[in-house]
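> If you scroll down you'll find the structure; I have some questions about it.
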Amino acid sequence: MTPPTAQDARIHNIGYRRYEGERLGAGYARLSLFVHSLRGGFGLGRSARSKVLPFGLFAIMCFPAVVMVAVAVMTGLDEMPIEYQGYGLAMQPILSLYIALAAPQMVSLDLRFRTIPLYFSRPMSPADYVRAKFAALSAAIFLFVAIPLTIAYAGGLLAELGFADQTSGYLRGLVAAAVLAVTHAGVALVVASRTPRRGFGVAAIIAVLTVPYFAVTAVQAIANEQGGSDAIGWLGLFSPTTLMDGLQSAFLGGTSGFPGEAGPSTGAGVGYLLVTVGLVALCHVLLVRRYRKAGL
Amino acid sequence: MYNPTVARLTYRALLGRRRALILGALPALLIVIAVAVRLLNGADDHAATEILGGFALASMVPLVGVIAGTGAIAPEIDDGSIVYLLSKPLDRRTIITTKLLVAIGVTLAFTTLPILLAGFILNGNSQVIAGAFAVAAAVASIAYSAVFLLLGTVSRNAVVFGLVYALVWEALFGSLVPGARALSIQQWSLAIAERIAGPGADITSEVSLPAALILLLVATGLGTWYAARRLGSLTLAGER
């Protein structure tokens, strides 16, 4: 016997419609994630409070470029006081702080609020996620360094410091900034992807970026006193900052910040290139492995 | 002024699980460098000063200070679980002093002992360089812990501001603007190291010893006092 209500049962048409628009696919999802992360790296699309630190650091980053231009115009120098290739390295503390701020913002929050499974329920693989984040952080760091360079370049042209000199220096500076951005982004993301807590991520990234630098510099200073200029070059391989410094002095014609301005020899220069490429590849592999499982 | 339960909770928050290993990586690096330099180079007073002053006191002590000082209180304020602690019948000053003592203890353990050990490895405490830097690190640990604990109660971005102070102010501005060096915990502690170490140790500080001692006491005292005040007036219904 059927219950009395079953006779009144009927199916209403609630107007469900299939999605008939264009399916944009994984490529579009990657692009969206890239743009979203890049904007997030500068606090765009977030609260006003979270814009203060990125833009404050960016202003400090641009300040020496403006001063350089002013000095060049006023005193009639024939070249810039700071080389284009070494600009990012000269501002290393500010740059490290920015990276330490941006990297956990990009990946730690997804871990903390468990949004990772949501990303992977889209037509996106973990490798796509990693590449989008990697590209976004690299682009953010590149802009962070390249915009002050562009300011200095424009100022240098206005001060008539010589078009050919300035342009070749500027282009080499951009290459140095790009290499710096990719390596530092890799290291920072590997560290940040291990912790869901932002504060801890910030401290850990700063530690990874600066402690080896201080250690290498101290040991290099000792090697310099012992007269081992060969050792200075090889020691530089052991921290991201000195790695970049050696690379730009070996291949981009910059002056090294090593003690006694002793850049790496040609043999060591090849070593620098190999270590840099290896470091980026290693970071990528580690990141992809980290996100193989969608949970935590 | 000291509550064992709060101390145990803070200690576990700082060193629980794998965090002790991460915090231990810094002193381990220092010891490795010290051993390597000693083996390659032999005992050398100048090398010892370079490593202990240029690496240990300049980067390791502030970093451990930031992690321990802000880590003792900032995460709890950040995720709101400080409420459970504040709602217990405990004086808030007791909470702050207990957390400060734990932070100081952790910083001391992870900086002073390794520095002393590294100093002995580097040159066998000749010219009392190891002892001088160990005392300087101990004093700096106390001041850093108090200042960074205060930062943890003031700002949600405590770690960032702590690092801005340690890196940008002490390292960058300190090397560009001489005046900035007079207002740096690192220089104050160096003044003490300068006094303890032998005359050939080549440790120099920007500030005189009495000024350094007074400034250290003031920074520690003011930091603790104001942190207690901040925690005392912390409203439980935080503005989000």
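Using the three backbone atoms N, Cα and C, a Cβ is placed for every residue, glycine included.
What TrEMBL records for A:52-74, A:94-113, A:134-158, A:170-192, A:199-223, A:269-288 is transmembrane segment.
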> Applying the under-8 angstroms CB criterion, which one of A:52-74, A:94-113, A:134-158, A:199-223 scores highest with the transmembrane segment (A:269-288)?
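Between the candidates A:52-74, A:94-113, A:134-158, A:199-223, the best contact partner of the transmembrane segment (A:269-288) is A:134-158.
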> When you scan the chain for residues with a C-beta under 8 Å from the transmembrane segment (A:199-223), skipping those not six or more beyond its ends, what do you find?
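For the transmembrane segment (A:199-223), the nonlocal Cβ contacts are 92-93, 96-97, 99-101, 103-104, 108, 184, 187-188, 191-192, 229, 231-232, 235-236, 238-242, 258-259.
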> Cβ under 8 Å, sequence separation of at least 6 from the ends of the transmembrane segment (A:94-113): give me the contacting residues as numbers and ranges.
37, 40-41, 53-54, 57-58, 60-61, 88, 119, 133, 136-137, 140-141, 144-145, 184-185, 188-189, 191-193, 195-198, 201-203, 205-206, 209-210, 296
